[in-house]
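Here the structure comes first, spelled out in structure tokens, and everything after it is commentary.
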Amino acid sequence: MFYKIAQKFMFQMDPELAHNFAIGSLKSTGNSPLNCFYAQKIKPAPVTMMGLTFPNPVGLAAGMDKDGECIDAFHAMGFGHVEVGTVTPRPQPGNEQPRLFRLKPAKAIINRMGFNNKGVDSLVENLKAVKSDAMVGVNIGKNKDTPVELGKDDYLICMDKVYQYAAYIAVNISSPNTPGLRSLQYGDLLDDLLGSLKQKQKDLTEKHGKYVPIALKIAPDLSSEEIEKIADSLIRNEFDAAIATNTTLTRDGVSGLLNANEAGGLSGKPLNSLSTIVIKQLADCLKGQIPIIGVGGINTAADALDKIDAGAQMVQIYSGFIYQGPQLIKDIIEAYRIK
């Protein structure tokens, strides 16, 4: 009830302004009695994945809390994990505004944010300040002005700095809003990146006495052959998980709607079937050797179960959370429990 009132108010605002307002509000109330307006008591439905035990299978996807400012608030809502970021080595403003658009009739969002964030050092300070026992994944990327062929260095810098504070690390090479980034999903560039990250993981495990799993986040706009090659590289480099999928450049299901022709990645309900197809193809290629977190267009509990049936072990929500509110978390967990 409270969320529907808040949503009505925020949907009158510019999308990015509304997002910033929400983050500011959650940041200030996450550990105060005021979190009673959104906190939910949810019966555990544990999932073991990547050698970690999560309290339930529903996580917050990266992009909502880029700088890790509201981890305790999202944990209070009942998320089984919170993925913060995407974070880059240096702060960057992202792309020019406007860069975030609602397509309300389709329950969709288009964004071309461009990894706007305060930098990895700021994120680390926020991770240190977390008071709850939230499972936090950190999604890492490269700075826009770092050449693609040197992008590996940015990922290694971020990994080094967040390692001891993260439950797991997600490697984002699939955002459509950083020029050239998606080229890292292919061939020698992918193998070199994954191999270097795996070696870094081994070094940091020895240094900190703690094994932090690493996952790769992929795009939905891939051919069957490309998915097969990515799966092969994940297996050969012994990655701990895959996250499927990021936003899409396609516009299926939104043609003719206001803002549908804006540049950027499409998320929300129209992405659901495409991301589920990719999850199924990826799962078939991985043959149970590497687990999958399914994300993309989940708007109902049934959507989440479809992704689990397709081969995902856990799911994440973002756009569906914007449109449906915290109740979606509870709905998915309850459906998962009785499945």
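Cβ atoms here come from the backbone N, Cα and C positions, even for glycine.
For the substrate site, Swiss-Prot records N111, R112, M113, G114, F115, N172, N177, N246, T247, and the single candidate of K66, K210, K280, K287 listed with them is K66.
For the FMN site, Swiss-Prot gives A62, G63, M64, D65, K66, T86, N172, K217, T245, G268, G297, Y318, S319; the one candidate out of N31, N126, N139 that the record lists there too is N139.
Cβ neighbour counts within 10 Å, taken over all protein chains shown, single out G268 as the most crowded of the binding-site residues G114, G268. Between the CA atoms of N172 (substrate binding site) and Y318 (FMN binding site) there is a gap of 16 Å. Taking a C-beta cut-off of under 8 Å and a sequence gap of six or more, K66 (FMN binding site) has these contacts in its own chain: V84, G85, T86, V87, N116, N117, K118. Under 8 Å, Cβ to Cβ, and six or more positions away along its own chain, Y318 (FMN binding site) finds L60, A61, A62, G63, M64, S267, V295. Excluding the listed site residues K66, N111, R112, M113, G114, F115, N172, N177, N246, T247, the same chain places G63, T86, G94, S175, P176, T178, G264, G265 with Cβ atoms within 8 Å of the centre of the substrate site Cβ atoms. When the recorded positions N139, S175, K217, G268 are ranked by how far their Cα is from the Cα of R112 (substrate binding site), S175 comes first. Fewest Cβ neighbours within 10 Å among the binding-site residues R112, K217: that distinction goes to R112.
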